[in-house]
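Trainee: Structure below; questions to follow.
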Amino acid sequence: MSSEAAISEKLAQVQDEETLHTRAVVFPDDYGDIHEEKITHGVPRPKGPEMKREMTKEDKELAAAGYGHLDEEKKGKDKSSGPKFENVDIHEHQLSLKELASALETDFEHKDPGNSHGLTAEEAKVRLTRDGRNVLTPPKKKSAFRKYLDCLLTMFNILLVIAGILEYILLGIDFKDNFANTYLGGILIGVAFLNAFIEFYQMQKSEAILASFLAMIPPSCHVVRDGSITSIPAADLVKGDVVLLRTGDKTPADVIIFSSTELKVDNSNLTGESEAQERFATYDGCKSRPVEATNLVFNSTLIVNGEGWGVVVRTGDHTLIGQIAALTGGESGNQSPLAIEIGRFVMMISSIAIVFAVVFFAVGISTVYKGKAAQTVTFAVSILVAFVPEGLPSVVTLLLSIAAKRMAQQNVLVKDLQGVETLGTLTLLATDKTGTLTRNQMTVTNLWSGGKMYTAFQSNNDSETTEAFSINAPGMREMVDIAALNSRVKFDKMDLPFEQRAILGDATETGLTRFAGRHIGDYDKAQKEFPKVFEIPFNSSNKWALVILNKPHEDGNLTLYIKGAPERVLAKCSTYLNDGRVEPMSDDFKKLYDEAYNYMASRGHRVIACAQKLLPASAYGPSHAFSKKDGEYPSTDYCFCGLISLEDPPKHGVREAIGTLRLAGIKVMMVTGDHPKTAEAIARKINLILGDTKETLSARTGRPVEEIYEDEVDAVVVHGDDIDGLQGWQWDQIFAKNEIVFARTSPQHKLEIVKHAQALGHIVGVTGDGVNDSPALKKADLGIAMNISGSDVSKEAANMILLDDNFASTVKGVAEGRQIFVNLKRSIQYTMTHITPEVIPQLLYVVVPIPLPLSAILILVIDLGFELFVALSFAWDKPETEDGLMRMSPRKPVNDRTIMALKTRALERTKTLRRDTENQEVIQPSKISVWKNKLKQYTTRRYWVELLSPAEGETLVDGKLLSYSYIEAGLIETLGTLVAYFVVFFKNGFSPSDLRKAQQASIHQAYFTNSSPDFINYRGEVITASKQVDALAQAQSIVYLSIFIIQCFNVFAVKAKFSFPFGKSIVGNVWNFVGIFAGACLGMFIVYTPPLHVVFGGTDKLSPLYWLIPAAFGVLLLVWSSVRVLFLRKGIEQSRVKDIKGLMMFPTMRTMSMRSKH
C-alpha cells in the first residue's frame, strides 16, 4: 500500500472514531546529571518508550508533518543587519565617571550606589521644563486623508462609485431621457463617500479611545531623587537622574552604567543581536562607538538579567532610538482572522453582485428594454445596489468598538479591535503560574533542616512531628542568614522601621526578606557588617543565586551562601548540616530530603534550598580575585543547610475562572518555571488537574509507571528538560490530554509550546506578567498581560492587558468575544435577508414582466436607512441563555479529525517540496513554478474534495446563514412584499394579468407615467395616467414598507438559536426597539412627505391597513424561526461541552487559614 493510500485510510478511520488512540509512551531520560526531580514515589523514570503497537513509517511521517515548518523556521532564521549607526550623536559614554557627574551636575556613588543622592525634586522640575518630556515623537502614521481614502476604496464603495459614474455618463449621452438618473447617480456616489466617512469617523474615535486607555498604563521607572528611591512615569525622567534597572525593566532613556551586577541587555530591537549583551561600569569611560559601548544602555531595550545603577544622559528624541528614523516609522499591516473572514465575505458578495448585474443587463436589453442601453444600465445598477450591503463595514467597526469599550469597563484593555473577537475563538489558554494564577505574595511557611520540619506559623495542617520555628533550633540561624544576606532587594526608604518599608524585589526575595527581617535582629546592621565580596545573581538558566561575604569564621574570613532550586543546589553539595554538625551525605539523608521535598511541594509551596561553604583562609585570602567567567569561584562541595517553603496562594476567583473556561471547551494549561510537584499541587487546587497522571495512578494502584498506557490517564506533567528532545508524535500525545502542566520551563520552552500548539490548529492565548513570558505573549494569537504586576516588556508584547490583574477577567473577555461574534453574525444575517426581496421582484420585472416594484433609490434607502440603525443595535444584545455561550465548544474546535486533516495536507505539501540533495534544505520554487502549481491544483480531485467538504467549526458567513438569509427568511419576505404589491395594485384596478399586459405594452407606449395613455383593465374600467402613477407609487411604497415591517420581526427571528424568538433574552435589548423606531420614522418620512416624492416616488395616499399584510408574514417568519429552533436544537445540544466531573466551583482558601475538621 502506498503512503498516500495509507494516509487516506487513516483519515477515514479518524472520521468514524470518536478518539484516535496511538501508543503509550514514557519520555526517555537524556539528562542523567539531575535525578532528584525525576524520581517519583521512589520509582526512577523508565528509559525508552512502551508501545501497544509498532509505529509505521507512515505514522511517523504523518506525526512529524504538522511541525515541519517549525524546523524550517529554525534553520532559515536570518539575523537582522540592523540600522546604520555611523551618524548617531552620542558621546557621553566616553567620559570618565567623575567627568560625567560634573557634566550632568548630578550626584551618584560609584562604590555604594544605594547611597546616591541623585537630583533634587526642584532641579528635576527645572530640567523637565528646559529639556521637555522624555517621550519619542510618535511614528509617522497615515494622514487622515489617506485613512479616509482607504475607507473609501473598499470593494462595496468602489462598486457604488462606478455605478454612480455610469449614471452620469448616460446623462451626458442623452440628458432628456436620463434626467431622472441625476438623483440616482448623485445618491450612489454620495452613499459611498458617506459610508466611508462613517467608517473613518468611527476608526478615528476608536483610536482615540484606545489611546486614552493606553495612557492609563504609562511606563514607569525607579529613580533616586533627594536620596530616596521612588517610582515615577518614565516620561518625567530628565538628564542627570540616577535610575535603578532590574530584570524585566524596559530601559526608560539612554543611561550610562556606573554600577552593575551581572547586567545583561537585549538589544535585538536595535541591533538585531539575538544574544543578550553584558553591560558594566567603566570608570574611565569607553572609547567605542555608542552601539558597542559596554557602559551604555539604550532607551527601549530590555533588561533580561541582573541589575544596574545608571545616570540618564539622553532623553526623548535625543536618545539613540530617537535619532534612527528606521526604527520609528511604519505601522504593521497584519490582519486578524476576523478581518480576513470579512474580507472574503465582501469579495464573495461583490462577485455575486457583479455577475447578477451583468446577467440581468443581458436579459434586460434583450427582453424588456429591447436595445435601450441607458435604461438597461440603470436597471443593472439597481440589481448591483440590491446585492451589496453597503453599510456592513461601518456596522462591523461600530460593533467591535462598542464591545472594546464595554470590555474596558470590565478592566480588560484591548489594543486591537479585532482582538475582542479573537479572545472568543481561543481553543487553548497557556498561563503562567506566579503572579497570574497566584497572588505573587510569598510567605514562608515551613523550614526543614537535619531531618526536622519546622512551621513558621501556627497551623493545624502540619503533621504532629512538625515543630514551631525557633531561631535557636539547629540549622535555623544559618538559613535565616542566607535569606537575609544572599539577597538583592532594595527599599524605597531607609529611614523607616523595617516593618514599614516597601520592598523592591520579586515575590520570593520579598517573602524571604520579610521573614529574615523579623528574626535576624538589626537587618541594616547585618548588611553593613558582612559586605559582599562577590555575587552571582539568580537567572533562569542557573536557577540559583550565590554570594561570598566578608563574614569571619574559624578557618577564615569569607563565607559563601547559595540558595535556589533544590535539585540544582543539592547537586553542588557533598555534606549536610545535622544538629550543628557537618556530616557527609548518605542514602538515609537523601531519603529524608525526598520526603521533606514531597511534603512541601505537594502542598503547592515553592521550595528553596540553602547551602553554605566556609572558605578557608589558606585557599581564599582577603585579596582573592573571584570571577564567574573563568569559573574562579568555589562551585562544589557545599554544605546543605536545609529547605525553605513559601506559599503563594491562588488568586481569588482563579479556580472558578479555570472551571468556567474548561466548561467552555477551552483547554487551559499551566506553563511555569516552578518544580513539577509544586506546579501539579497548585494545578489540583485550581481545577486545572482533576484526574490522574501516570505517577499518581501508579501510586494509587501499585502498578509500575512503565505499565500504564497513555489512554488510561487524562493528565500529564511535562518537565522542561524533556521539551527540547520531543518528537512530533510526543507533542501530539501531550496536546491530546485535557489537563497539561509544563514545569521547569525557560522562555524558549514557552515559545516552543505555543508554536507547536498553533501547528495543530489551536487558537492560542497566553497569559503572563514577566519578561520571561514576553516571547510567548508576542507569538500567541492573543497575548494577555497583567497591568499591576506585569513588566513593561510583557505589557508591550501583549495584545490585551488585564488592568486589575484579575485572571477571572479573562472569562468575561471570552464571553464578550463569543457574544460579539454572535452579534456580528446576527447583524450580517439580518442585513442579508432583505437581499432576496430586493432582487426577486427585479427578476419578475424582467421575466414576467411587471412594473418595477422597487427603484434603485429605495433600495439604497433600505440598505443605508433603517437597516443601518437596526443592524447596529445588535451590539447590545445579551446572551440568549443563562450561561450564555460559555457552555458551547469554541467555534473552531481542535479535535482528532481536524488535526488529522491538517497533518495530511501538511504531509502532501512536504512531499511536493524540492530539497537540496546534500543538506536536505528546502529549495524555494520560482514564481513561474508557483503559478504553474496553482493552476494545476484545479485539475486535481483532492482540491475539489477539500473545497467542497464542510468546514470544521463555525465561520462568520456559513451555509446555515446563507440558507436562512437567501432562502428561508428571504423567500418569506419576498412573498410578503409581492402579496402586498399585488393587493395594492388590485385595489387600484390592476389585476396581475393587467400588470403584465401594461408592462409588455410599455415597449411601444409607456404606462405608469404622467404622459401615459389611458389603460383599460380586466373589468373594462378606464384608468387614467394620474391614477396609474399613483398606483405605482403606492405599490412601490408598500414594497419598501413591507421589507421594513417584516425585517422588524426578523430582528427577533435571527436571535432564535437556543430558544424560541420570544422571552426576555430575545426582546430584552431596548436598542433594537430604538433602531426600529428610527427606521419607522425614516420610512414614514420618505413615503408620506410630498416634497420627497420627486426623488423617492412615495405617496401620502397609501392606507395603513396595507401594513397588516407584511405584519402577517412577519408572524409567519417568527413561526418558521421557532420550527427552525426545533430542527437545530439537537445539533446545538451536541456542541455543548459535557459536564466535567470533579470541578470545584467555589473560592480557594489559603493553606494557613485552613483548619482541620478532626
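Yeah, the Cβs are placed from backbone N, Cα and C, and that goes for glycine too.
Unlike curated entries, TrEMBL annotations are predicted automatically.
The shown structure was predicted, so the numbers you read here are calculated from the model rather than taken from an experiment.
Take a look at what TrEMBL says about it:
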COMPBIAS  69-88  compositional bias 'Basic and acidic residues'
DOMAIN    91-172  domain 'Cation-transporting P-type ATPase N-terminal'
REGION    61-88  region 'Disordered'
TRANSMEM  148-171  transmembrane segment
TRANSMEM  183-201  transmembrane segment
TRANSMEM  345-365  transmembrane segment
TRANSMEM  377-400  transmembrane segment
TRANSMEM  854-876  transmembrane segment
TRANSMEM  966-986  transmembrane segment
TRANSMEM  1037-1054  transmembrane segment
TRANSMEM  1066-1087  transmembrane segment
TRANSMEM  1107-1128  transmembrane segment
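Can you tell me where each of these features sits in this structure?
Mentor: Tertiary neighbourhood of the transmembrane segment (345-365): same-chain residues 154-156, 159, 371-373, 376-377, 379-381, 383-384, 387-389, 392-393, 828, 839, 842-843, 846-847, 956-957, selected by CB-CB distance under 8 Å and a gap of 6+ residues from either end.
Away from its own ends, the transmembrane segment (377-400) comes close to residues 151, 154, 156-157, 159-160, 163, 166-167, 170, 178, 181, 184, 188, 191-192, 195, 198-199, 202-203, 206, 342, 346, 349-350, 352-354, 356-358, 360-361, 364, 368-369, 417-418, 420-421, 820, 823-824, 827-828, 831-832, 835, 838-839, 842, 845-846, 854-856, 859-860, 863-864, 867-868, 871-872, 874-875 of its chain (Cβ-Cβ under 8 Å, at least six residues beyond either end).
Remote same-chain residues near the transmembrane segment (854-876) are listed as 183-184, 187-188, 191, 194-195, 378, 381-382, 385-386, 388-392, 394-395, 398-399, 402-403, 820, 823-824, 826-827, 830-831, 834, 838, 841-842, 1036, 1039-1040, 1043-1044, 1047-1048, 1051, 1069-1072, 1074-1076, 1078-1080, 1082-1083, 1086, 1095-1097 (criterion: CB distance under 8 Å, separation of at least six residues from the stretch ends).
Outside the transmembrane segment (966-986), and at least 6 residues removed from its termini, the chain residues within Cβ reach (under 8 Å) are 832-837, 840-841, 844, 851, 853, 992, 994-995, 1031, 1034-1035, 1038-1039, 1042-1043, 1046-1047, 1050, 1053-1054, 1102, 1106, 1109-1110, 1112-1114, 1116-1117, 1120-1121, 1124.
With a threshold of 8 Å between CB atoms, the same-chain residues lying at least 6 positions outside the transmembrane segment (1037-1054) that come near it are 826, 829-830, 833-834, 837-838, 841, 853-854, 858, 861-862, 866-867, 870, 873, 964, 969, 972-973, 976-977, 980-981, 984, 1061-1062, 1066-1067, 1072, 1075-1076, 1079-1080, 1083, 1086-1087, 1097-1099, 1102, 1106-1107, 1109-1111, 1113-1115, 1117-1118, 1120-1121.
Cβ atoms under 8 Å from those of the transmembrane segment (1066-1087) belong to residues 861, 865-867, 869-878, 880, 1037, 1040-1041, 1044, 1048, 1051-1052, 1055-1056, 1059-1060, 1096, 1098-1100, 1102 of the same chain, restricted to positions at least 6 beyond its ends.
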Trainee: Just to be sure I understand, if DSSP states are collapsed into helix, strand and coil, how many residues of the domain 'Cation-transporting P-type ATPase N-terminal' (91-172) fall in each?
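Mentor: Within the domain 'Cation-transporting P-type ATPase N-terminal' (91-172) the tally stands at 52 helix, 2 strand, 28 coil.
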